[in-house]
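Asker: Handing you this structure, nothing more for now.
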Amino acid sequence: MKMTVDFEECLKDSPRFRAALEEVEGDVAELELKLDKLVKLCIAMIDTGKAFCLANKQFMNGIRDLAQYSSNDAVVETSLTKFSDSLQEMINFHTILFDQTQRSIKAQLQNFVKEDLRKFKDAKKQFEKVSEEKENALAKNAQVQRNKQHEVEEATNILTATRKCFRHIALDYVLQINVLQSKRRSEILKSMLSFMYAHLAFFHQGYDLFSELGPYMKDLGAQLDRLVVDAAKEKREMEQKHSTIQQKDFSSDDSKLEYNVDAANGIVMEGYLFKRASNAFKTWNRRWFSIQNNQLVYQKKFKDNPTVVVEDLRLCTVKHCEDIERRFCFEVVSPTKSCMLQADSEKLRQAWIKAVQTSIATAYREKGDESEKLDKKSSPSTGSLDSGNESKEKLLKGESALQRVQCVPGNASCCDCGLADPRWASINLGITLCIECSGIHRSLGVHFSKVRSLTLDTWEPELLKLMCELGNDVINRVYEANVEKMGIKKPQPGQRQEKEAYIKAKYVERKFVDKYSVSSSPPEQEKKVVSKDSEEKRLSIPKLGPGDQVRTSIQSSVKSNDSGIQQSSDDGRESLPSTVSANSLYEPEGERQDSSVFLDSKHLNPGLQLYRASYEKNLPKMAEALAHGADVNWANSEENKATPLIQAVLGGSLVTCEFLLQNGANVNQRDVQGRGPLHHATVLGHTGQVCLFLKRGANQHATDEEGKDPLSIAVEAANADIVTLLRLARMNEEMRESEGLYGQPGDETYQDIFRDFSQMASNNPEKLNRFQQDSQKF
């Protein structure tokens with residue numbers, strides 16, 4: 001290492017040493033200025049580079065937008081996408097380069113300035129301080145008089161100590177100078193070398209990237225050459241066609257008079273006609289008319305849905321109109337209305353009249369052929385009739401979820417667009433959907449619509465019955481109540497954007513629901529409706545006592561209650577085959593009166609409407625309440641804070657419970673007595689509901705205010721089926737906990753038993769009547 005300042009000169013503290021120090025200190029000060037400037041320039045370069053990358057990213061987004069716009073042109077879309085991806089890689093390479101620049105230049109040089117140059121400055125301060133002390137000691141020693149021995153001795157000692165300290169610090173200072181002079185070379189070169197390697201990597205990555213892209217660019221260049229040639233050829237052809245058409249326009253108008261009854265697209269004739277409006281001013285508007293599918297329709301813009309003037313051409317006639325002032329008019333007359341039209345010329349008028357007359361004749365001929373075929377099909381032989389009955393019987397026996405659900409009124413077509421044969425369903429709404437509408441429903445989120453396939457998914461019996469209870473007609477009466485009044489047209493199949501807007505407005509914004517004012521009824525009336533039942537309940541609800549008291553209470557109520565679900569003979573809904581209200585456990589028979597006579601459901605708030613409809617097993621009213629914003633977990637403070645789900649349990653309907661659970665009901669929400677839906681279902685002996693709640697994650701360890709959980713209640717009531725279900729669920733829960741995080745979702749035996757109970761509760765509820773039959777023996 002070459003020394004900048006000599007150690008020997010340092011010990012002498014000669015003028016040469018002082019001059020060398022002064023030169024070094026000036027050099028270090030200038031070095032610090034240069035390094036600070038370089039670091040600032042590096043920071044500015046990095047910031048500018050980041051701004052460049054940001055602008056480049058925005059430019060890439062513009063290229064991607066252009067690629068999406070060119071989705072119909074595969075060559076342009078593919079090329080732009082590929083180029084934007086490659087340029088995005090270059091942006092990433094730039095980002096890496098700027099990061100490496102920050103580490104190599106900014107970080108390293110800043111560290112050198114802050115660490116090494118700071119040590120040099122600290123050493124300089126110490127050296128200057130000890131130099132001053134040495135000068136003072138020399139001056140003091142020179143001033144001491146010879147006859148003052150004590151002072152001479154003291155000054156000599158101070159001078160000796162100061163000189164020793166000066167030499168030590170001066171040597172350290174010189175060492176720091178020499179080390180700094182040597183280190184600055186390595187630090188500067190190391191940072192610049194790292195910076196250059198970063199550039200090397202950047203350009204190497206760019207070279208590799210464009211080497212891969214090169215063949216594609218060459219192919220694209222060849223395609224572009226062909227495109228230029230093809231464009232020139234097409235231009236010549238179009239110029240020739242333009243010249244030919246121009247000559248035809250001047251020579252004849254016959255091309256506009258053609259019509260074709262057997263056209264492949266079904267359009268017999270089309271063109272512009274003036275139509276007289278039916279308003280008081282009788283204004284004439286020019287519209288694009290066409291004869292297609294035995295109908296006369298018109299539209300103003302291509303995107304507009306055609307307006308049907310005549311639905312069935314067989315029912316109309318066409319005639320000339322010479323009694324009005326305007327020329328070239330003719331009238332299409334149907335049994336309900338007439339439409340006055342005007343052509344641009346007499347030839348066009350004759351062509352339109354002939355086209356309408358020919359279409360009428362064709363419609364009669366086609367309809368006649370169809371009727372003949374239907375007559376042949378509707379009169380089979382006796383043998384074929386029998387075989388038809390047999391096949392129908394087989395079909396009913398092997399009935400699939402799709403067939404059962406599509407038999408519900410309105411379910412044979414999509415609920416939102418009307419497309420036939422829908423294969424998907426929204427299970428919380430109870431409607432059928434086509435595949436395109438189902439995709440839109442999925443995008444809404446499961447809190448609005450839960451989509452399931454009617455052909456690919458497994459359907460639980462209670463869910464299948466729920467779908468059969470509702471249906472498109474029921475739901476559309478709620479969610480499309482004001483569609484006609486608002487003049488809204490349902491989207492047609494294939495109109496994706498229109499469908500999305502319509503479905504969002506229908507189910508998310510609920511724009512078409514018939515809004516009714518909750519505040520239209522005085523609060524006193526609403527309170528009266530609720531408080532009558534609640535007052536009777538407060539006077540009659542017994543506490544669940546131990547032992548026989550519980551058994552006697554339950555047995556007296558269950559004599560008229562089924563533990564499963566079966567079809568009611570009068571309205572077809574699912575209900576318990578009981579002769580008294582399911583609330584008979586809590587009220588003496590005959591005390592309860594139906595409070596629904598006091599106020600129509602439209603005058604209740606949505607939460608109360610849902611609450612009452614849940615007990616009454618009225619699914620359409622429940623759907624209506626939810627559409628009006630009812631909270632599915634609304635608690636009735638007048639009736640022990642019972643929820644709609646608890647009311648559904650008391651009402652004895654498995655399907656009602658399933659509907660509430662599908663719409664987000666909390667299976668563990670409890671009333672003021674600490675009883676949740678599982679408690680109430682256990683008390684009432686509703687085995688099907690207990691099975692349903694356990695499958696939905698009900699907490700069977702929860703205790704009521706008397707400290708009883710559902711299992712203890714079932715044991716005291718000696719309900720073997722419910723005890724079996726609760727113990728099996730508890731055992732399965734313990735098995736899953738012991739197996740840890742990656743354990744199986746459930747034991748096969750457990751799943752099979754619960755599946756059997758679900759099937760019995762929905763399809764054969766009489767098999768779950770054992771508890772009722774046994775209780776009658778006591």
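Cβ coordinates come from backbone N, Cα and C, glycine included.
Feature list, courtesy of Swiss-Prot:
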type	residues	note
COMPBIAS	379-388	compositional bias 'Polar residues'
COMPBIAS	550-569	compositional bias 'Polar residues'
DOMAIN	1-226	domain 'BAR'
DOMAIN	266-361	domain 'PH'
REGION	371-391	region 'Disordered'
REGION	518-596	region 'Disordered'
REPEAT	673-702	repeat 'ANK 2'
REPEAT	706-735	repeat 'ANK 3'
ZN_FING	414-437	zinc finger
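Describe the structural surroundings of these features, if you would.
Answerer: Mean pLDDT, taken over the repeat 'ANK 2' (673-702), works out to 91 on the 0 to 100 scale.
Taking Cβ pairs closer than 8 Å, the zinc finger (414-437) reaches residues 402, 405-406, 449-455, 463, 466-467, 469-472, 474-476, 490-496, 499, 502-503, 506-507, 619, 623, 659, 662-663 in its own chain, all 6 or more past its ends.
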Asker: How does the zinc finger (414-437) divide up by DSSP, counting helix, then strand, then coil residues?
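Answerer: Its residues fall into 3 helix, 7 strand, 14 coil.
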